[in-house]
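Annotated features, as they stand in Swiss-Prot:
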DOMAIN    10-206  domain 'tr-type G'
REGION    19-26  region 'G1'
BINDING   19-26, 81-85, 136-139  GTP binding site
BINDING   Thr26  Mg(2+) binding site
REGION    60-64  region 'G2'
REGION    81-84  region 'G3'
REGION    136-139  region 'G4'
Amino acid sequence: MAKAKFERNKPHVNVGTIGHVDHGKTTLTAAIATVAAKTFGGEAKDYAAIDSAPEEKARGITINTSHIEYDTADRHYAHVDCPGHADYVKNMITGAAQMDGAILVVSATDGPMPQTREHILLSRQVGVPYIMVFMNKCDMVDDEELLELVEMEVRELLSDYDFPGDDTPIIKGSALEALNGKDGKYGEPAVIELLNTLDTYIPEPERDIDKPFLMPIEDVFSISGRGTVVTGRVESGIVKVGDEIEIVGIRDTQKTTCTGVEMFRKLLDEGRAGENCGVLLRGTKREDVQRGQVLAKPGSITPHTKFDAEVYVLSKEEGGRHTPFLNGYRPQFYFRTTDVTGAISLQEGTEMVMPGDNVEMSVELIHPIAMDKGLRFAIREGGRTVGAGVVANVKD
């Protein structure tokens, strides 16, 4: 059978289901796949296939995640669903499955529960830009007022974490009815409304190529008669010959100009997001640049030593520490291409952090690193990964 060609004619958007255990995330995921296939074409996935989430590794951490794809009239969606709460925490912190928007599933019979709050907080910390809500199991609630009460609670909770609670779309339905092909208001029509809302409420994400140029430096070479070449994979944007660029991180920021781009020993006029290339720098000495710095569009990113982070600490079974760590712990923080030592301050009331925990912390590095909110990092001790984190907030 010929392999189906991947059609790039529709915008691609990454989404996922979040919410408390047993509120119906996986049933909704199956219902979305089924209804989308029926309405817009494509193949349906059944509940069992989604629930038996395969293990994957991201930054040395084992995560169970299900990935499904579906189409709407205007877009192609990649959708992640995790079986367990710990998998969500790991997934969101490592960025294994980045989300352009999330569907928060809340059971109408329970209302918001502890993990509902925790997933909203995590979304805020790791930079999930949009959340919309599917109020599930509405077929099991007879009282209209109860539904309104749950809706109010959810809106308040979203507002508590700086999401626009009052303006968030909340769709009432029953994932099970939709999955079973029922066409009452809580069945298939509710899921079709959800799909239409995904299309309208979650904006098309900015593609990497349209963002400002950034390339983490992996290696530095000196080529006699030509100058200094740095190599790396372009993370975002485009660099063209003649562009002014900055070298950011570890030392004071320096300005330079790109005088050449090469890939596989061929000279090019530009390097684009996703490409591995060498960039020739005008007037820059080999000893002025090092691995761990980044090349960037001037003014687009700044170096910082202090930041707040959301961190997942590996369990002993995952190869992490066997013992807790305390305030003032000084591991290495691995950003992009290099390790930098930093000291950890825990939040008031947190004495220590156990392997397997997720925790908010403040960090002070010994060298500045080019960073923005949302940058992922690993925490290492003597070369082994003991944690994964994301910058939640840059200080100075």
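Cβ coordinates are placed from backbone N, Cα and C, and glycine is handled just like the others.
What Swiss-Prot annotates, mapped onto the structure for a quick look.
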| residue | record | DSSP (3 states) |
| --- | --- | --- |
| Gly19 | GTP binding site | strand |
| Lys25 | GTP binding site | helix |
| Cys82 | GTP binding site | coil |
| Cys138 | GTP binding site | helix |
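Same-chain residues lying 6 or more positions outside the region 'G1' (19-26) and placing a CB less than 8 Å from one of its CB atoms are 47, 50-51, 66, 81, 83-85, 104-107, 110, 112-116, 119, 136-137, 175-176. Annotation for Cys82 (GTP binding site): spatial neighbours Gly16, Ala53, Ile63, Asn64, Thr65, Ser66, Tyr88, Asn91, criterion Cβ-Cβ under 8 Å with sequence separation of six or more. Look at the binding-site residues Gly19, Lys25, Thr26 and count other Cβ atoms within 10 Å of each Cβ; Thr26 has the fewest. For the binding-site residues listed here (Asp22, His85, Cys138), the lowest count of other CB atoms within 10 A around the CB belongs to Asp22. Sorting the region 'G2' (60-64) by DSSP state (H, G, I as helix; E, B as strand; all else coil) yields 0 helix, 4 strand, 1 coil.
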